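*Asks:* So TrEMBL lists the following for this protein:
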- 43-65: transmembrane segment (TRANSMEM)
- 71-94: transmembrane segment (TRANSMEM)
- 106-131: transmembrane segment (TRANSMEM)
- 143-168: transmembrane segment (TRANSMEM)
- 180-199: transmembrane segment (TRANSMEM)
- 219-243: transmembrane segment (TRANSMEM)
- 250-271: transmembrane segment (TRANSMEM)
- 291-311: transmembrane segment (TRANSMEM)
Amino acid sequence: MSSAAGASTGYGYDVERVDPEAPERLRHGAGGRGRRRRPWVQVLVWGAAIAALLLVAAGVWFFAIRPLGTGTALVAFTAALVPVSLVLGAVWWLDRYTPQPRLTLVYAFVWGAAGSVALTFLIGGAFTWWITPQDAGESVASFLAAVVQAPIVEESMKSAGLIALLLWGRRFIAGPLDGVVYAMLIAGGFAFTENILYFGRAFQEAQAAGEVGGFWQTFLLRGLLSPFAHASFTSLCGLGLGIAAERRSLMLYPGLGLGGLSLGMCLHALWNGSTFFIQVDQAAPMAGFLRYYLAIQLPLFLILAGIMTFLRLREKRIVRTQLSAYGRAGWFAPHEVGMMVSIRSRRRAETWAGTHGAVPRIAMRDLIRAAVDLAMTRHGVLHGRPTPKTRARERELLERITADRRLIGALTQPVVPAPRGGEGATGDADWRA
């Protein structure tokens with residue numbers, strides 16, 4: 001990637017290295033080409049997993065949602081779109097800075113909406129029977145199902161989807177924010193299916209009673225006041241697993257993962273248990289819940305929202321710091337680092353590349369994603385333990401960045417001699433503006 005290479009090709013898109021040995025020190029002596037997992041294999045595997053989960057979703061629909069009736073199911077489905085849209089909007093905001101592969105995002109949502117729900121149906125009843133004394137009354141059985149069974153089984157089944165991602169490859173959950181994004185998607189999918197069932201039953205009861213107040217109360221509680229309840233519970237496990245993944249420590253996975261899972265179970269039990277402990281005033285049936293909500297649930301949600309915001313800002317700082325190090329080694333020009341850090345500048349760069357055709361735009365998008373991935377990989381190496389896989393991954397990303405930059409330069413720059421000095425592409429000013 002030296003300036004000489006750029007001059008020989010005539011496009012001037014390469015960046016001059018100030019210190020030719022610096023990239024070698026950055027890679028901790030990474031040498032040779034690591035074995036790459038073929039892209040089509042990943043697509044095939046994740047496609048098969050999603051297809052299998054869709055079959056499970058069909059089973060959930062047939063056995064759980066279809067009995068509600070077509071009209072009721074349609075009403076419940078429409079109502080459930082409101083809270084899940086809020087969750088998906090939050091996930092989009094968290095993920096847009098270091099975007100995850102779309103296939104794995106789809107997998108996470110479908111796992112939550114189908115896989116974890118099906119496993120909860122299969123295991124939940126048996127678990128409730130196991131923990132309920134034989135002489136227990138109906139109220140005791142309901143309490144144990146809501147406060148003990150539901151938190152333990154539901155959170156475990158949702159978190160199983162996170163474990164599957166970790167087993168397939170650490171690149172999917174490489175840090176705390178990655179774990180939170182996938183956890184929120186899984187929880188959002190689970191809550192979406194659960195809300196369809198709750199809203200459907202509430203609508204049926206409202207039709208039978210000739211009074212729609214019960215349905216709207218259920219929609220208010222589940223759809224508007226607590227759309228992030230499941231996402232908050234499961235995100236704690238994702239946060240713990242993400243921290244362990246970033247530190248590359250096998251010892252931390254069980255401790256932080258189980259710790260986050262246990263804390264999520266406790267918060268889930270606290271949320272479900274409120275219906276048993278809050279005194280209901282017949283004159284104002286919602287007053288007791290609102291007091292509990294404002295005193296406990298809302299502060300917990302705001303704390304978790306603050307943590308998520310901090311993690312997103314932290315990733316921006318990591319990208320700037322690590323890419324600046326690569327910039328000093330000659331892999332990026334200063335204006336390129338600034339472009340990678342700013343989402344607005346990324347959009348401008350993609351727009352500029354798009355004026356030259358679809359291929360340069362795709363290459364620019366891939367260049368940006370590879371650079372961001374490189375920064376996060378480098379951060380993990382510095383704060384964990386370098387392995388042959390991480391070194392091979394770093395080399396792979398650097399090769400992608402080099403290839404993308406050359407492709408962009410070949411398709412956007414005139415075939416003229418490059419300017420001396422290695423200051424980057426002749427058209428840099430177009431996408432820096």
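Including glycine, each Cβ sits where the backbone N, Cα and C put it.
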*Asks:* For the transmembrane segment (180-199), find every same-chain residue at least 6 residues outside the stretch whose CB is under 8 Å from a CB in it, and list them.
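*Replies:* Counting only partners 6 or more residues beyond its ends, the transmembrane segment (180-199) has Cβ contacts under 8 Å with 60, 64-65, 68, 73, 75-77, 79-80, 83-84, 87-88, 90-91, 94-95, 100, 104-105, 108-114, 116-117, 154, 158-159, 161-162, 165, 172-173, 215, 218-219, 222-223, 227, 229-231, 233-239, 242, 308, 311.
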*Asks:* Given the transmembrane segment (143-168), which of the listed stretches 43-65, 71-94, 106-131, 250-271, 291-311 has the most Cβ pairs that are under 8 Å apart from it?
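*Replies:* The stretch with the most contacts is 106-131.
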*Asks:* For the transmembrane segment (106-131) and the transmembrane segment (43-65), check the count of CB pairs under 8 Å (sequence separation 6 or more) and say whether it reaches 3 or more.
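*Replies:* Counting Cβ pairs under 8 Å (6 or more apart in sequence), the transmembrane segment (106-131) reaches the transmembrane segment (43-65), since there are 3 or more.
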